[in-house]
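Lifted from Swiss-Prot, the feature list:
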ACT_SITE  Lys162  active site, charge relay system
ACT_SITE  Glu252  active site, proton acceptor
ACT_SITE  Cys286  active site, nucleophile
ACT_SITE  Glu464  active site, charge relay system
BINDING   Gly150, Ala151, Trp152, Lys176, Pro177, Ser178, Glu179, Gly230, Val231, Ala232, Ser233, Gly254, Cys286, Glu387  NAD(+) binding site
BINDING   Leu246, Lys457, Gly460  K(+) 2 binding site
MOD_RES   Cys286  cysteine sulfenic acid (-SOH)
SITE      Glu248  site 'Seems to be a necessary countercharge to the potassium cations'
Amino acid sequence: MSRMAEQQLYIHGGCTSATSGRTFETINPANGNVLATVQAAGREDVDRAVKSAQQGQKIWAAMTAMERSRILRRAVDILRERNDELAKLETLDTGKAYSETSTVDIVTGADVLEYYAGLIPALEGSQIPLRETSFVYTRHEPLGVVAGIGAWNYPIQIALWKSAPALAAGNAMIFKPSEVTPLTALKLAEIYSEAGLPDGVFNVLPGVGAETGQYLTEHPGIAKVSFTGGVASGKKVMANSAASSLKEVTMELGGKSPLIVFDDADLDLAADIAMMANFFSSGQVCTNGTRVFIPTKCKAAFEQKILARVERIRAGDVFDPQTNFGPLVSFPHRDNVLRYIAKGKEEGARVLCGGDVLKGDSFDNGAWVAPTVFTDCSDDMTIVREEIFGPVMSILTYESEDEVIRRANDTDYGLAAGIVTADLNRAHRVIHQLEAGICWINTWGESPAEMPVGGYKHSGIGRENGVMTLQSYTQVKSIQVEMAKFQSIF
């Protein structure tokens, strides 16, 4: 593919040049080619976007619930019509296999938008009787202008997960995509405008997180920030948001999630789940079950089943329908994952497979890392303690239920957890003791629109998706009505 035209900001219904004068490049990680030069938003651009959003939000909030719902449904239709086109762009920008982006990324994002478009008329207040002559009623009112800051692994899906409930509740959103994968968020802005969204209600500001992101989190005109990314960055976003104007925050941060296989489990099922929990999207999923706990007596058989399934991984041309494994998102990220792999070897974990870059003409110019499985791991190893965000599985053994629950919870993270067992009593008993916000029994990874997702501990604050997220983009106003004559003590 030839190099794309220089990408601008999207403010008030159209593309516009950044006043900062700064640019950055976005790279195709499959081959190292530059896809496009992208303009970076500066402080003045953030000010422009906020003013635009404030104007648009008033128009948007004044529409009826059904009017807003129809516009968002039109956007859903356009997204589905252009699924393949958007998936191709997402594959170029992220390196993910087209077999994945064409069936997951846009599809699941559009599902969430459709879900919230349908919920808009159901955003109701309540009426609370006090006595015969008095009652209270409540209203869910929009926050105003909110900011979304996305991660690089699911660019358009995250943009939709954040914008759908925000817009459904009557807010305007300024979205900053990751500078690593900024392209599809700009296309989403065009789609929203085409669907009839008033100018300014969804603005997109590409830029570097330490600059553009910081300007957004500090801006007094922003009422809430929804952030997806790493823990360290999340802490900075939260601190800036609180220090500037006590903004509300939603944080979807990192994870080091446990997958517990019990001795009564079907090991074929367990191996299938472990593969999806570690190598889907080349391991670049925040909920990955990278700590795989297996009973000691089942370890050898389980390892053989994993090795057999690794042979089914097909890396190569990301547009080949048979490819199910792509490069990592960038060369700096590849190098970081390789440092973790080297650390695992240094600390005594045994490499069952992988452990290096993929080699060959198809891979030499890209950010490719081989699917890697470590075994004979211990809880104190760096690869077991820290989030790697790559195709690296760690296998650990255990002896008892109480032991594995304790060890599974022995982490600062609490995003996800899963168990594989034939005993449903055990399944519920154990899941209720795991310190994680998203849990799966005999499955892994699905996050439908109806399901609230978010973490415990350092893995985040608040939730995305589900009814409660729509409500979190509103502020509740309570109004008391008195029908009798008011009595003053003065």
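Cβ atoms here come from the backbone N, Cα and C positions, even for glycine.
Shown on the structure are the features that Swiss-Prot records.
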residue	record	contacts (Cβ under 8 Å, 6+ apart)
Gly150	NAD(+) binding site	Ile158, Ala159, Lys162, Phe175, Lys176, Pro177, Ser178, Ala185, Thr228
Trp152	NAD(+) binding site	Thr94, Ser178, Val180, Thr181, Val329, Ser330
Glu179	NAD(+) binding site	Phe24, Thr26, Val38, Ala40, Pro206, Gly207, Val208, Gly209
Val231	NAD(+) binding site	Leu253, Gly254, Asp412, His458, Ser459
Ser233	NAD(+) binding site	Gly209, Phe227
Glu248	site 'Seems to be a necessary countercharge to the potassium cations'	Leu143, Ala223, Lys224, Val225, Ser241, Ser472
Cys286	active site, nucleophile	Ala151, Asn153, Thr228, Glu252, Leu253, Gly254, Gly255, Phe389, Leu415
Lys457	K(+) 2 binding site	Thr411, Asp412, Tyr413, Gly414, Glu435
Gly460	K(+) 2 binding site	Gly234, Thr250, Met251, Glu252, Leu253, Leu415, Gly437, Gly454
Which listed residue (Glu252, Glu464) has most other Cβ within 10 Å, given these are active-site residues: Glu252
Cα-to-Cα gap, Glu464 (active site, charge relay system) vs Leu246 (K(+) 2 binding site), nearest whole Å: 20
Surrounding CB atoms that lie within 10 Å of the CB of Pro177 (NAD(+) binding site), all protein chains: 29
Span of Gly150, Ala151, Trp152, Lys176, Pro177, Ser178, Glu179, Gly230, Val231, Ala232, Ser233, Gly254, Cys286, Glu387 around NAD(+) - largest C-alpha separation, Å: 24
Helix, strand or coil at Val231 (NAD(+) binding site) [DSSP, three-state]: helix
Local Cβ density at Leu246 (K(+) 2 binding site) - other Cβ atoms counted within 10 Å: 9
Lys162 (active site, charge relay system) in three-state DSSP notation: helix
